[in-house]
Number of protein chains: 2
Amino acid sequence: MTPPIVAVVGGGQLARMMAPAATELGVILRVLVESPAAAAASPAHETVVGMPSDPDAVRALLAQPRPDVLTWEHEHIPAEVFEAAEAAGVPALPGLGALRFAQDKIDMRRRMDELGLPNPEWAPVATEADVARFLADHGGEAVLKTARGGYDGKGVRVIRDAGEAADWLEAAAAGGPRVLIEAKVPYTRELAAMAARRPSGEVVTWPVVESIQRDGVCSEVIAPAPRLTDVEADEARAVAARVATELGVVGVLAVEMFDTGEHVLINELAMRPHNSGHWTQDGSVTSQFEQHLRAVLDLPLGSTEPLAPVTVMANVLGGAREDLPAALGDITDPGAKIHLYGKDVRAGRKVGHVNVVGADVDDVHRRAVEAAAIVRDGGAA
Amino acid sequence: MTPPIVAVVGGGQLARMMAPAATELGVILRVLVESPAAAAASPAHETVVGMPSDPDAVRALLAQPRPDVLTWEHEHIPAEVFEAAEAAGVPALPGLGALRFAQDKIDMRRRMDELGLPNPEWAPVATEADVARFLADHGGEAVLKTARGGYDGKGVRVIRDAGEAADWLEAAAAGGPRVLIEAKVPYTRELAAMAARRPSGEVVTWPVVESIQRDGVCSEVIAPAPRLTDVEADEARAVAARVATELGVVGVLAVEMFDTGEHVLINELAMRPHNSGHWTQDGSVTSQFEQHLRAVLDLPLGSTEPLAPVTVMANVLGGAREDLPAALGDITDPGAKIHLYGKDVRAGRKVGHVNVVGADVDDVHRRAVEAAAIVRDGGAA
């Protein structure tokens, strides 16, 4: 018995939730966690404590017995980690060639344009004059973004005046992340299409989901997205598959999209298991976490068939309840599948989620939101 | 955050498969494993290495931070473990009052008779004359069993002559396990009904399954059992629920049954997650492993609804392939859910299983058996 070893950089909930899948597959999960209290620390089969910027920690992560592959639960991977993996002869997947399109929104937009994939109108901006010109051409309102470092609504700002871009432009001029501007798309909702690809080329996609955002953070996900036409669903899945193939992604890819009512436009890319895919843990034959492990190990990919007509995921953001495990006793809906991340509660921090499967979208949606509210606050929504 | 801690005695696949459920619930699983190479060793969140007969190991299992509950993955628990748990103030569940009916087949048969539950005809036997009398009254053929210590066909023997009982009767007279004899039931197949009960009294049951045995070992499980009448299904579920309640079982209970074509008769009891329930990992809203944790922690029990019209589980018994993880690359059926136990292969040893969900029982059955054969032997069935 020589079980495959998958090394993972990052000790958050995404690495944590790879562990159950690894256990069932008989795969050993070795995780680089920032502290022994990290979300992934206790579920991982082996842990190394340290930061990805610490060469000793990375060396321990890649030590004998050598991992079969090195992967990530986030995109903020120092180049030194890739160099160390290369020196150790361990494939690092998704590779830098793909990952930079998830790290840098300017690189991503350029590449999507080159591929003829559906981008909103956009431009890189270096000066307030650039910003003013774009605003004038796009109705006086647009979305300013830093090319790197943003997540959950950070690094994104809706502006109506070039002066509102001053701080980020100054930071960029001083060597900080570059800045881009995008047309404010008149979208009706946000969708996400998820794909997985293995090195030998096989690509699969899951049903397209609707992602409901509150204050810039994903609140609920409905799978499949209600009232989506077959044309739009096929278009969205084809975009995800094409991005995975053209960029050479290995692992799970999430393509966040705007639904204009007639078409989809690409919003962001993530090359890892993603909040949009948590529903797959209870609602799909293969979860995104198992699929990510299969993909990076170049194993045959699992079925993405749904297990129910509808699955709804509701995030639990930090709220009134601090002792989250106590919520387990308060949720009496027998179909509420609770996933807790073992994190200390801070206001607004993602600390868990709930999945519910069923037949009626409104009923399932209501139940998922109610259960998440009980976890968060200790009372019904 | 004070996560609940569940201590488990036993480092086999049943403890191993509690770990993924514990991770998702935010529960810490502390497992007493017989060796660092045990199936449950790497997936457990905390491990103690030692035997349940070792007081130091049991003390470490019950050490601070104190587990909320102590439970088992098998029934062979020395009384000293219960005493240690009591002294430490840790509930031991299922308790000795219930567990002895899973440990001792004579106690179990007596109790089932007292409750008016459907037993085959049976008798305790101490002498060859007892055996000869029972054989004469039951057509010259019967099933001899040791009251304790049997599993997977061990401790069970079909006999036609009292002399065939001599060795076990001698062992019993010398202080070994007592012996009982049962009428050979003309059954058409074996069924299993699984229930879960929490201390506060709530009981749930899963759909009744058919268990296909080969050489006395469970080979496949079909959920739900095909062609079962509603009357029989209700009867079997009611038996499981009644056994759970009357015996005060806490946790998951499996009642193995004979199907006579018209009625069910109780064969054996197991008070823990059971091979008959592995299908629930991929085919039910709540797996037996999550349910066992919920039950022993006295949490609301999860839904036992199936996720598909049919689920088939096929065991992988040790065969030609020694490097089981290599099987992950050979199984190209995207719906085959593979569960490996991280064990060294020995002929006939349970080393993994495969679940397949779908709509057509014959198709799903064939696919599960084929995938299990590929894991076992490295080739199609």
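Just so it is clear, glycine is given a Cβ too, placed from its N, Cα and C backbone atoms.
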Just to be sure I read the record right: B:Lys145, B:Glu182, B:Ala183, B:Lys184, B:Val185, B:Glu190, B:Asn267, B:Glu268 are listed as binding ATP in TrEMBL. Which of B:Lys105, B:Lys337 is listed for the same site? B:Lys105
Tell me the coarse DSSP state (helix, strand, coil) of B:Lys184 (ATP binding site). coil
For B:Glu268 (ATP binding site), write down the residues of its own chain that are at least 6 apart in sequence and whose Cβ falls under 8 Å from its Cβ; none is a fine answer. B:Lys105, B:Met108, B:Val255, B:Glu256
Restricting to the same chain and to sequence separations of six or more, state which residues have a Cβ under 8 Å from that of B:Glu190 (ATP binding site). B:Glu210, B:Ser211, B:Ile212, B:Gln213, B:Glu256, B:Met257, B:Phe258, B:Asp259, B:Asn267
I need the most crowded of these binding-site residues: B:Lys105, B:Lys184. Count other C-beta atoms within 10 angstroms of each C-beta and give me the top one. B:Lys105
So how many other Cβ atoms are close to B:Glu182 (ATP binding site), meaning within 10 Å of its Cβ? 21
